[in-house]
Structures are given as C-alpha cells and as structure tokens.
Amino acid sequence: MSHYPIFADLHGRTVLLVGAGKVAERKAESLLKAGAVVRVVAQKLNPAFQAWQSEGRIIWLGGVFHDFYLDDVFLAVAATDDHGFNQRIFHAAETRGKFCNTVDTAGLCSYIVPAIIDRSPIQIAISSGGTSPVLARKWRQIIETLLPLHTGKMAAIAGKWRSRVKEKIDGMEHRRRFWEHLFDSCFNTLTAQGNLDAAEAELSAQLDGYRPAKGEVVLVGAGPGDAGLLTIHALQAIQAADIVLYDALVSDEILGMVRKDAEKISAGKRAGCHHVQQEETNQLLVTYALQGLRVVRLKGGDPFVFGRGGEEAQVLHEAGVPYRIVPGVTAALGATAYAGIPLTHRDCAQSALFVTSHSKHDGDQPDWRTLALSRQTLAIYMGTLRASVIAEKLIEYGRSENTPVAVISNGTLPNQSVQTGHLKDLPQMAENAPRPALMIIGEVVTLRDELKWFQEGNAA
Ligand code: SAH
C-alpha cells in the first residue's frame, strides 16, 4: 500500500499555508470548507485571500516564514512557486514531525490530497499515490456519475438512526443486512424524491417489523484464475458474503475482491496435502449458515467440475440449509482458450472429454478404450502425477504415440506457460510443469501455432 488513507477532522484545527497564489487559493478553499483554521504566510494576498481575511476566515502572518510557525499547527501546505523555499518548509515540518504537503512535488509530501467525490457525509477519495493525479481525476469523474446525489441524505438519516438500530438488532452481520436491505428498498426512492419524512417513516417501519434473516451458502465458481472471468453473480456473492471459505486454487486477485471485513478461511486442498478435511469444510458451511451468515464457498473453476461441489450441496440439502450454485469457467475452458487451443474443431475433434485421474476409490479404473478413441480431445485434470500411466495406457489402447499434447500451467494467469509435444513425451512434460496444470491430448493442440494470442510469462 503506497499510502495509508485517512479522513482527517480539521474542524477548529490549525493549518499553515505558505503561498497565496492561484494554487494556494484552491487549497485554502477546501481547507476552509473542512472547517480548518487557516494561517497564511505570503508577501501579498490575492483578492480571494483578501476577502477571506476581511471576513476573519484566515489569519495572515505576513511575508516571512519562520520555522516555529509550524510548532502549533496540525498540518502544513507548501504552495509557493519557489522550489527551494518549498523544500525548506517541508524539511522544517519533517523536523517537527508535522505532516506537510508540497503542491505538485511528490517527493516533498508526507501526506497527499486525493481527488474526492463529496456527497457528505459520504466521501470517496481516490489516490494514485502521487503518480498520476490526472488518472485519479479521471476515475473521480467516472465514479461521480455512478453515485446518486441523494446518497449523502441517505447516510445522514442512517447516522441519525444508527444507535436505535444497534439497540434493536444484535450482531454486526445482522445489522449490515438490515441496512443493505433498507438501502435497496423504497427508502432509497423516497430519499431520492426528497421525501425525507416518508423515508424515515419507512426506516422506522422496517425496524419495527425486523426479523433476523436466514443464512445461506453460495457455492461459487471462481474460474481458473483471471479475475475478469468471474461472472456477475460470482462477484455479487463474494461482495455480499460475511464469510468466505476458499480453495487453494483461487487466485489472489479474486480473493482481493472479497469484502474487506468478511472473514476468509482457507479450505484448500492440493493433491497430497489436505489442510482441512472435506468433512470439516462441509460442517463449517452448515454451522455458519445456521448462525444466519451469508457463506460463500469459493472454488477454483466450476464447483461442479471435479470440485466436490456436488458433495457439498448434498450435505447442505440434508441439513436443510438454503443454497445456490454459481457456475464458473472450468479450467478446461479457460486454460485452453488462453492457450489458443479450441477443444473441438470440425477438422479433427467432434467431442471433448473432461477427465480426472483421481477417484474416491483407488480401484476405479477409467474406460481406457473410450478414452483412446480418435477424433476427440481429452482434457485431463489433476493428471500430472499420473502422466506416465495415462500416456502408456492410451497408446496401449490405440491412440498414436504421436498424438499432439499440451500441458497448460497456471492457465489464464499472467504466469501461464504451455508446453506442447507428443503423447509419448507427456510424462517428461508433466514432470517439468508448474502446477496447477491441465493436460490436453488431441490433434486440436496443433492449432495453437496459429491461434496463440495470449502473452505468456508476464508474471511479476
Ligand atoms: N473445479 C476446478 C477443477 C478442480 S481440480 C475447475 O472446474 O477447473 C484441480 C485441477 O484443475 C488441477 O489439478 C488442474 O488440473 C486444473 N486446473 C485448475 N486451475 C487451473 C489453471 N489455472 N491452469 C491449469 N489447470 C488448472
């Protein structure tokens, strides 16, 4: 994090502003709006400053800056057009442990002023960490259009009722849901129309008739890695969740989209290392939902494709817990698309099979005869550890040893890598492949030479 964001209460607090030109005027304007007591050091005052001075809104200390002026101020702003002078002010502030912002000089700032959208008491601040104020302002414009003007009024009413809601409704999650429901209800329309009395009456009625909501579990497919492949339902679910149980395969970028105050629990398992047993995960889902929480079970790819989503849904069904399923882009679709390998193609593959080399019961044998048929594509999940057996059996049952194959690692992610070769080379390729890796077997792999579009190996 480049800067720690805070909103400072400047009411009645003193700010020293050095400079009184156009830029300083803008600074003074926003400082006064925030209730600060502004002391100005400048040779002369422009008309705006003169007006503020005659209204008693600023204090002019004259044209000479003394370091001790900083002693009893809360913040400082260096806004002169003399770089050397600004530098002196900044260093004097640093020595005294005072926050100083030097206009347009990122290196001379211990705090920076973000672009803001003001719907007080709702305020949104956007910062580029001093790297590109223009980009921050561009985002401000975009967000400005998304934020209705009455948002501030809704917040003001909510502020008035906050303690009564707290008295009536136990538990932060339940209160959050009460507010979320209220803001989506006709309370919103009434406030937008400026009918504030009716809006408050609606709030009061909803509070009187309040019943704790039931918990639920949403089994969400997070896709293979690239956060852009999340569905809208998935995004909504992870942003509404009180608690998220996620798999090891869910990318950091996607986890970063979970609401910041939601609890995140790793329920990940990779072949051979069971952090948390499946039964324990199932039990947690039921327990949290019965506590009235909105639980998201976030799984790599699609929950119903080799993801044990079926088993979890059965447990929820038996326990009488309400649940929903949000499908995701499964690895075989995502990784092949980003590798430029179409799963089917009229010239060489009329079908595609999604296969796993793992099964619950060790003795279960795949139907090798079917798997070895020609003119089909195999997408093999969790297969790298068994690549030798797979290649050997497919060749034994009739698939040519020269069938094109690919091993796609970290599909759809910036560090995606793809190896291509022939079926006889598969064990060697799989051994070298970073995980997670998906094996693709079939003539369609050759199309990658032509259709490779995704820039690979861009990992930081
Ligand atoms: N439910 C998931 C699959 C879970 S099984 C889905 O629908 O995609 C885990 C296996 O999926 C891994 O062993 C690997 O074979 C494959 N896999 C998952 N994500 C992948 C990715 N980003 N790139 C390549 N393979 C991946």
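Each residue, glycine too, has its Cβ placed from N, Cα and C.
Residues annotated as active site, proton acceptor in TrEMBL: D247.
Per TrEMBL, active site, proton donor is recorded for K269.
Annotated NAD(+) binding site per TrEMBL: K22, V23, Q43, K44, in sequence order. In this structure, Q43 (NAD(+) binding site) belongs to neither helix nor strand by DSSP; it is coil.
TrEMBL lists P224, G300, G301, D302, V305, T330, A331, M382, G411 with the feature S-adenosyl-L-methionine binding site. The local packing around P224 (S-adenosyl-L-methionine binding site), expressed as other Cβ atoms within 10 Å of its Cβ over all shown chains, amounts to 30.
Under the heading domain 'Siroheme synthase central', TrEMBL lists 119-144. Summed and averaged per residue, pLDDT over the domain 'Siroheme synthase central' (119-144) gives 88.
Annotated domain 'Sirohaem synthase dimerisation' per TrEMBL: 150-207, in sequence order. The DSSP breakdown of the domain 'Sirohaem synthase dimerisation' (150-207) into helical (H, G, I), extended (E, B) and coil residues amounts to 50 helix, 0 strand, 8 coil.
Residues annotated as phosphoserine in TrEMBL: S128. DSSP assigns S128 (phosphoserine) to coil in the three-state reduction, placing it in neither a helix nor a strand. In the structure as shown, the Cβ atom of S128 (phosphoserine) sits within 10 Å of 19 other Cβ atoms.
Annotation source TrEMBL lists region 'Uroporphyrinogen-III C-methyltransferase' at 215-460.
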Look up V23 (NAD(+) binding site) in the DSSP assignment and report helix, strand or coil.
helix
Which chain-mates of V23 (NAD(+) binding site) that are at least 6 residues away have a CB under 8 A from its CB, listed by sequence?
A79, V103, D104
Just report the maximum Cα pair distance in Å for the recorded NAD(+) binders K22, V23, Q43, K44, no decimals.
15
Out of the recorded positions I have (Q43, K44, S128, P224, G301, V305), which ones have their Cβ sitting under 6 Å from ligand 1?
P224, G301, V305
Distance in Å spanning the most remote Cα pair of P224, G300, G301, D302, V305, T330, A331, M382, G411, given for S-adenosyl-L-methionine:
16
Quick one: which residues besides P224, G300, G301, D302, V305, T330, A331, M382, G411 have a Cβ within 8 Å of the S-adenosyl-L-methionine site's Cβ centroid, in sequence order?
G223, L249, F306, G307, G328, V329, A332, L333, G334, A335, Y381, L438
